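The structure appears right after this line, and notes come after that.
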């Protein structure tokens, strides 16, 4: 594809682009085509003068040229005369004379297409056809099977199609594509479509810059926002941790109060509502010392009576209560340590 010469649209110079894309090189300039147009105007003026310079037809002819205008448009007569320099001739594709020849389009070498004031070339390079429209961002590959359909579609859209007859000048692309075949993955876009996409991208970029400027003006940077969100999250976690600790302590308090109701009244009670395992151990030692003192005070020969069922039940209840309290206290301690560990870990992240 890189070896194919393709002039893109500039102003209204589509006739120049059409000729240069056909010949595969910068063969014509606006100045040269304007010279051909003026030459045609002069020849036509001389023919019109033969009928009298005072005739209405002659005065009408003296109006602005029909072979060119200030925008860069050139007529089919200018294009045809320019091609005669290279020994090339244009024949109308849908004329009765050409249709009687019954020539398959793929057996031709090139076509020139015109609609209103736009001209473009369809040419065979090597063994493949290409649409060299100057309004495209690059050459468009056309398969042999699609060529006839493509030309028929142009005719339905109102295009005039001319067959270029004669030997085209040699070019690098034609020689290279005789040896290799190219593949085209994506169809080239119209220049207007590409410009529209670029404009949309510029608008989006401008909007993004405007948003960034607004953020800078408020004094709030992305890093500051992240730090603030992280601090809020840690604060919420700390509040949740405090609430969980309070709930656990209340649960322990209620459990211990329910257990203590089953213990006999002669077991010393503390005014506090929370007993540690150390305090429970000391109270139990004091209880057994009191039992031993009572046994020593009994007279000889009168063995101490075995503890009654209520005393044994009391001891069992005390042991059960202590075991439950120990287990609850250990569970609370482990739970609180786990919560604090998780909180510290989240804070480091």
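Quick reminder: no glycine exception, Cβ is built from N, Cα and C everywhere.
Residues or ranges marked as domain 'Josephin' in TrEMBL: 1-179.
Per TrEMBL, the feature active site, nucleophile maps to 14. All protein chains included, residue 14 (active site, nucleophile) registers 22 other Cβ atoms within 10 Å of its own Cβ.
The active site annotation in TrEMBL covers 14 (among others).
Every protein chain shown contributes to the tally, and the Cβ of residue 118 (active site, proton acceptor) ends up with 18 other Cβ atoms within 10 Å. The active site, proton acceptor annotation in TrEMBL covers 118.
The annotation active site is assigned in TrEMBL to 118 (among others).
What TrEMBL lists as active site is 133 (among others).
Annotation comment: TrEMBL describes 287-328 as region 'Disordered'.
Residue 118 (active site, proton acceptor) sits 10 Å from residue 133 (active site), taking the CA atoms of both as reference points.
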